[in-house]
Amino acid sequence: MKKIVVLGGGTAGWMTVSLLHHAWASKGFQFAVVESANVPTIGVGEGSTPALKQFFDKLGIAESEWMPACSATFKCGIRFANWAGRTGYDSYFHPFTSTLDNNVLAYFHHHINARRQGHNSYQSPDDYFLANALAEQHQAPKESESFPFEQSYGYHFDAAALGHFLKQRAIGQGVEHIEADVEQVQLTTQGGIRQLVTHNHSAIGADFFVDCSGFMSLLLQGTLQVPFVSYANALFNDAAVTLPTQSTELLPSLTTSTAMTNGWRWHIPLTNRVGNGYVYSSQYCNSDDAELELRQQLGLLDASVEAKHLKMKVGRAAEHWHSNCLAVGLSQGFIEPLEATALMLVQYTVENFILAFEKGNFTDTNRNQFNSNINAQFDGVRDYIVAHYKTSGRKDSQYWRDNGQNDQLSDSLRYVFQSWMQGKDFSEALRKQGIDRYYSDVSWMCLLTGMGVLPPLAPGESTIQVEQDRRWIAEFLRRSSLNFPDHRQYLSQMA
């Protein structure tokens, strides 16, 4: 195999070819991206997990090189507001953890597990982690040189600008860019893809093809007829409406996810604007009503600011690598952006494909192992997203009542809930199911405690030790946060 053609650009396509080029260009491989000027790219969102930093580090791209070009900001985690529907649980923070947090993890596990047993304890997950302290104080997660701990973080960014940045970089490194509309896909006698035929009747052949054509999945699902596994029975949301608003002087270093009548909305701060979007279910709400509710929440009734409407196909392909084709991004599957996992799944798929391909074992067994691995990653993310809806106590609309009553749960997710409510060793339960490969026990504990999924308190217990621990941790985080700069000021210096 010496030539690889990627069908489709966008962030997923240019991330994919960047990783493949980095791995194999020195081995004589040739790469081309076929991109239509008539097909607009669908932004996969404007947020990431910490995996994206690993992507840039691997390619040797400095933050000072790409972040200003993409109006990017830092992300310490996600605040979930109005999700729980229970008194005393208005919001909680899902942090990206750091090595410094190891100093308080023992306290965290002790108090959360004590609260699971009904004891009075220091239960708010927000107050244990440095990420939340930095986000609350509008600080960048970039420690001073004298501070010996690294804080993990993700990014917020302009998705179109990031795709353009990666495109220009890849072309500069020798990746061929072909602007064309593909009108036909021709197969080999063995059933693989032989070549793409464009609108001007030119043929583009290759040894291997990567499908980044978006939800249409032209190659994998459209041509090779690989089945699609829908998540619609567990995840109801299938549409979104987005609206930008002006940037604020104080620059938060977190995403905010706020529950709405028929879904949730995101608030993502960039250096030049704020990205807002309402993810909802069209079974319960039409696009006009969704746009109106979002505008009301934002105080943006001025129709001169145009909204963008999107439809989403939630689920995954049954196989991601089939014959001589790999699907990446929306072509392989999509899970709503509640935990900003889209680019993480792109990266995970391509990096694992490189590892699998370099084994040199192109048997059905090898492909099946790869596909099972990627399927498990998608399903693991799905379960964590489903848990947000299943554990919510909101009953203010039919949407939330149906989510709470929905029984379409995987066996793994049922086991997680049972272990939590029965007071079992929760970390061990996650390890036993292999679920902690996708989200750690800290993530699960923050979700379940933050939602208020807890037994009643035992009466009359002493709070002396609880208050002592609370004060010690608060002071520890206060002192630690002194080693981090103001968010906007740090980014201004970078630019």
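Every residue gets a Cβ built from N, Cα and C, even glycine.
The feature active site is assigned by TrEMBL to Lys75. Annotation source TrEMBL lists FAD binding site at Gly9, Gly10, Thr11, Ala12, Val182, Leu330. Positions annotated as 7-chloro-L-tryptophan binding site by TrEMBL: Lys75. The feature L-tryptophan binding site is assigned by TrEMBL to Glu339.
Everything TrEMBL records as a feature, shown here on the structure.
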residue: Gly9; record: FAD binding site; Cβ neighbours (10 Å): 26
residue: Gly10; record: FAD binding site; Cβ neighbours (10 Å): 28
residue: Thr11; record: FAD binding site; Cβ neighbours (10 Å): 27
residue: Ala12; record: FAD binding site; Cβ neighbours (10 Å): 32
residue: Lys75; record: active site; Cβ neighbours (10 Å): 28
residue: Val182; record: FAD binding site; Cβ neighbours (10 Å): 20
residue: Leu330; record: FAD binding site; Cβ neighbours (10 Å): 24
residue: Glu339; record: L-tryptophan binding site; Cβ neighbours (10 Å): 21
- Just report the maximum Cα pair distance in Å for the recorded FAD binders Gly9, Gly10, Thr11, Ala12, Val182, Leu330, no decimals. 19
- Query: Whole-number Å distance between the CA of Gly10 (FAD binding site) and the CA of the residue listed as 'active site'?
  - Reply: 22
- Message: Return only the integer: C-alpha distance in Å from Val182 (FAD binding site) to the residue listed as 'L-tryptophan binding site'.
- Response: 33
- Rounded Cα distance in angstrom between Leu330 (FAD binding site) and Lys75 (active site) is 23
- For the residue listed as 'active site' and Ala12 (FAD binding site), what Cα-Cα distance in Å is obtained after rounding to a whole number? 20
